[in-house]
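Annotated features, as they stand in TrEMBL:
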DOMAIN    A:11-76  domain 'MrpA C-terminal/MbhD'
TRANSMEM  A:6-23  transmembrane segment
TRANSMEM  A:30-47  transmembrane segment
TRANSMEM  A:53-73  transmembrane segment
Amino acid sequence: MIWQFDLIILVFLVITSLIALRVRDLMSAAMILGVYSFLMCLLWAEMGAVDVAFTEAAVGAGLSTVFLVATILRTTRRSSD
Amino acid sequence: MKTIGLLSVLFTGILLMIAVVDFPDWGDPHSPANSYLSTHYIEDVEEETAVPNMVTAVLADYRAFDTMLETSVVFVAGIAIFAILRSIDGTSLAGTTRRLQRRGRSKKEKRKGQGRNRRDEMVAAAEREAAKPDLIVQTTVRLLMPTIQLFALYVIAHGHHSPGGGFQGGVILAAGLILVAMSFGLENTLAQVPEKLSLQLGNLGVLIFAGTGVLCLLLGANFLDYHVLAAIYPATDEIMARSHSMLVVEIGVGFTVMSMLYLIYANLSSHGDLKKGL
């Protein structure tokens, strides 16, 4: 474990999650959530939980982003709140 | 309504906070997880199950009941999306989508008024242009697809020795199918892997997992207690029986996850009529 690396990833995690909450365009929010998942995957791999990191990369950064994008394209792109 | 929601959230939060007090402290050396369970898993897994990757052993053997219900959760999620979105006759859209579409259309009509036809024609032409199959994308996918599927099978089969397992492998298989659906069109993909087949595979996966457990019951052990299955496998002792059963169970998980995620994508991307994907 390298704590500097952990700290940088953690700061970026918080930033991406805040942006994903604030942004009005849902497509951007979906993309930023993908970035969030990828950072989470990095963090897990760095802490030694390779199995979890693998799952996060496949499910979080891969498929759930695809599902979100598909849903946004079929419904509406603008956030109403 | 908002106040009621806030109150219920607060109430549940306070209840959870009260329950947290009963948990062992963080890093408490006397908590059950730290006093004997983790050491048992770390030290004895390889002797007991002949599986070097202890994560797989814990997931598919010691906590197999947990994993079985997790697989069922994926299955139920797929069935739920199927039940909400799928329209068999192909005419009716799901309620929410239709409402959103109607609202969007009326706003657009109000705003644009005259000259809408030409704009609509241009949009339709652009959509036709975008819907044309792209040679570069299709060729790349055609080259990439066998590699993706082979890697997914490797992840499932090699989960005993390296990171991976049925869930990850199934997700990668589903991602490959979705890639094909995006580049070659949903209808072409559904002609190769029909909806009925994927539903059957999803059922089969849960059935394999639960069936392994029931088989253990029939042979006189506990549910999902694999060591008795040595009687069925040819020439294996009880330790290897556990290892092999984990592979069987992982294959079941892979079936369910692959077919259900693929079906979820098919329904989400086509309003549930499975006609025209993204």
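Cβ atoms are placed via backbone N, Cα and C, with glycine included.
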Confidence summary (mean pLDDT) of the domain 'MrpA C-terminal/MbhD' (A:11-76): 92
DSSP-assigned states of the domain 'MrpA C-terminal/MbhD' (A:11-76) in counts, ordered helix, strand, coil: 58 helix, 1 strand, 7 coil
